[in-house]
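Novice: Dropping a structure here in C-alpha cells format, bear with me for questions.
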Amino acid sequence: MASLKKSLFLVLFLGLVSLSICEEEKRENEEDAEDENHEEESEEKRGLLDFAKHVIGIASKLGKRSEEKRFWPFMGKRSEEKRFWPFMGKRSEE
C-alpha cells in the first residue's frame, strides 16, 4: 500500500510539473504574439502616417496649382496675369 501511495504521489507530482512547464511556455508564446502584434500595429501606423503625408503633399501641390491658374488657366501664373492685365492688380516693374 505504501509503494502504491508513493507511486501515485510521484505521478501527480510529475504531472503538475509538466503542467506548469506547459503553462509557462504558453505564456511566453502569448507574450511573443502580443509583441509581434504591437510591432505590426506600429508599422501600420507608420505606413498610414507616410500615406497621409504623401496625400497632404499632393493636395498642397494641387492647391498651389489651382491658385496659380484660378483666373485665366491659359495665362499661367498670377505674376504673368499682372503683367498682361495691369488693371487686375498692381503693375509689376518687369
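Cβ atoms here come from the backbone N, Cα and C positions, even for glycine.
Okay, these came from Swiss-Prot:
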- 30-42: compositional bias 'Acidic residues' (COMPBIAS)
- Leu62: leucine amide (MOD_RES)
- Met75: methionine amide (MOD_RES)
- Met88: methionine amide (MOD_RES)
- 27-46: region 'Disordered' (REGION)
- 1-22: signal peptide (SIGNAL)
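How buried are these features, and what lies next to them?
Specialist: In the three-state DSSP classification, Leu62 (leucine amide) falls within a helix. With a 10 A radius on its CB, Leu62 (leucine amide) counts 10 other CB atoms from all the protein chains.
Note: the region 'Disordered' (27-46) comprises 20 helix, 0 strand, 0 coil (DSSP; helix = H, G, I, strand = E, B).
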